[in-house]
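As recorded in TrEMBL, the features of this protein are as follows:
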- 210-217, 235-239, 257-260, 323-326: GTP binding site (BINDING)
- Ser217, Thr237: Mg(2+) binding site (BINDING)
- 165-192: coiled coil (COILED)
- 204-370: domain 'Hflx-type G' (DOMAIN)
Amino acid sequence: MGEPQRDSLKVSARKCILVAVREPDVAKQKEQVFDEIKGLVKTASSEVVGTLMQARDRPDPASYLGKGKLLELKDLISATGADLIVFDNHLSPSQGKHIEEVTKTQVVDRSEVILDIFATHARSYESQLQVELAQLLYLRPRLTRMWTHLERIEGGIGSGRGPGEKQLETDRRLVDKRIDELKRKLKTVEHRRELQVASRTDHVSVSLVGYTNAGKSTLMNALTGADIYVADQLFATLDTRTRKWKLPRWGEVLLSDTVGFIRDLPHHLVASFKSTLAEARHADLLLHVVDASHPQAQQQIETVNKVLEDVGVDSSDPILVLNKIDAAPDRAVIDVLRAKYPGSITVSAIERTHLDQLSQAVSERLSSGFMELLVTTNVADGKTHSFLIEHAEVVKSEYQENQVTYEIRIPKRFAHQLEKAGATLRTLDDQPFTFVPNDEYVLTVPPVDPEAN
Ligand SMILES: Nc1nc2c(ncn2[C@@H]2O[C@H](COP(=O)(O)OP(=O)(O)OP(=O)(O)O)[C@@H](O)[C@H]2O)c(=O)[nH]1
Ligand SMILES: [Mg+2]
């Protein structure tokens, strides 16, 4: 697959009217309501020529907007010369069709704008497959009104060839066939990737996650000297990048930059990006990067936690990184966030301030996840030996007759499994070691020697 073609996208070089329906109390902050969708439209290289908001508890089932508002929208289109209506809501296929008929203007909703941006930014084979699949799943129930897409499907996606088959049944068959094919290809790629990520047990791994535009890639560049694309646009990064990060007084860890999240991410996309988040799923520690200067920082934190949960990433204990403190309107904003999220670290990735504190916090957290033990087992106990090779760092080994004693450093979560497998565990000062039933450890973990690495 080549580069997705811009002219095959809907939201590019268009004059847009933004429409949002909000519950009455939210609708009061009119300017803020449109901020994010404006950012999306701008990222998609289109222009905003007008906005229209309706305060309603519930959208109209047939036309989404009320009748009066729909006519107002029509007038606004003639007054501004707009050629695209962008809804910052999710429209059903029939609602979209109805609004197009009344206004004689093309309509897209929030999901479609996001899908369009993803299609333009997808670089790797994997993310291109994922985006195309998400687009087709979105398109399928809307086939009757999206004739423009059909040419792409018949001639091969993105090729722009072919006259376009206009019979709905044939269209559906073509789409279904392509969907099956994409799913098959993705399965292979994803399987390979999961294996690859899961096999990286020789390194401790840390993943950057967070809302789109929070500064994840900037932070990654600042910490590792990488040269990842950074831009004041949404979804600049779609592909996970992994680099070595030399943590002072700890050693090397693998740091991964991941795709950013957004409120109301189209659910097809959430599903297809599961594998892109394989790094985050297998990470020993997550750094949740937040744009602390953003007025909606708290909602963004909640959105990110929700998406992480949806894609099966354990987000119970990340380090929260409050970024862009240089851009915060005043210190009080940061203080409020710090009080709300104790243990968070404030930084400016762009000015590279407080990165030491961040490294320190990461080192401490990673150390507390490890323990040092003496493990004694039979030399013939192949199971324990291979488990140790895979999951622990063996510092020393001593043989006595048919017994071997290893001094190891191992993540706590694996230590428990060793005991279950029947090996004898002792502390470094040779005291018996057992886990208490509720998984708390009987002994406090000795501090890790910072020079050990
Ligand atoms: N003022 C300020 N701007 C920052 C800081 N960190 C990043 N930015 C800016 O924020 C914008 C987004 O930065 P990125 O690093 O691309 O953000 P991201 O989280 O990787 O975004 P996506 O890949 O789109 O999800 C860019 O314009 C950066 O220059 C910071 O500490 N202070
Ligand atoms: Mg990025």
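In case you wondered, yes, glycine gets a Cβ from its N, Cα and C as well.
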Listed in sequence order, residues with CB under 8 A of Lys216 (GTP binding site) and six or more positions away: Leu208, Val209, Gly210, Thr237, Asp257, Thr258, Gly260, Val289
Fewest other Cβ within 10 angstroms of its own Cβ, chosen from the binding-site residues Gly210, Asn213, Ser217, Ala236, Val259: Ala236
Neighbourhood of Asp239 (GTP binding site) by C-beta distance under 8 A, where only residues 6 or more apart in the same chain count: Ala122, Arg123, Ser124, Glu126, Ser127, Val259, Thr276
Entries of Gly210, Asn213, Lys216, Asp239, Val259 (binding-site residues) sitting next to ligand 2, with Cβ under 6 Å as the cut-off: Lys216
Spatial separation of Ser217 (Mg(2+) binding site) from Lys324 (GTP binding site) - C-alpha basis, Å: 13
Where Ala236 (GTP binding site) sits in the secondary structure, as DSSP reduces it to three classes: coil
Cβ under 6 Å from ligand 1: qualifying binding-site residues of Ser217, Asp239, Lys324: Ser217, Lys324
Three-state secondary structure, which DSSP defines for Gly210 (GTP binding site): strand
